[in-house]
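K.L.:
Okay, here's the structure, questions in a sec.
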Amino acid sequence: ASVTFWTLDNVDRTLVFTGNPGSAAIETITVGPAENTTVEFPGSWVGNWYAYPTDAEDVPGMLGEVQFGGWNGLTYFDVSAIVNPTDHDNVKQMWPAESRKPMSGCEVFPCDNAYWLPDDIQTKVTHEVDLWTTLGAGSTGLTF
């Protein structure tokens, strides 16, 4: 299982990972626009991540959330604004690497394709175990 992080602007960011109880710890990393960065996860990892500019204060923002190896071996994922809906500059979109469908999140926030309230029905599901996540302002040029 993996997530590839694609920085769309010129900002270096720190990525902080929080695993659910029983999930392995994933090291905090720094990513930037020079190249995409792929993080490997254990096959049944459940948790989330957020990003913040490396030269800024560590403030949790928009979350990328995932459950690898969930019910029937599926991957469940979403972009969540519940913790900090004012973060419009860090975690933006998530999608399965091969099919690129379904996509969660927004190229420009706010939109109706992310979790805003705890009872929103926004969790996406895929048979794939490799995902992409965009960071920062800009467009992938992909059509979802």
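Note: Cβ is positioned from N, Cα and C throughout, glycine not excepted.
Fair warning: this is a prediction, and the values are worked out from it, not measured in the lab.
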K.L.:
Which stretch, out of 76-90, 91-105, is listed as region 'IgE-binding epitope' by Swiss-Prot?
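P.N.:
Per Swiss-Prot, the stretch marked region 'IgE-binding epitope' is 91-105.
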K.L.:
Are there residues of the same chain, six or more positions away from N36 (N-linked glycosylation site), whose CB falls under 8 angstroms from its CB, and which are they?
P.N.:
T4, F5, W6, T7
K.L.:
If we skip the immediate neighbours and take only residues 6+ beyond the ends of the region 'IgE-binding epitope' (91-105), which ones have a Cβ under 8 Å from one of its Cβ atoms?
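P.N.:
For the region 'IgE-binding epitope' (91-105), the nonlocal Cβ contacts are 3-4, 8, 49-51, 61-64, 66, 75, 77-79, 111, 113-114, 122-126, 128, 130-136, 140, 142, 144.
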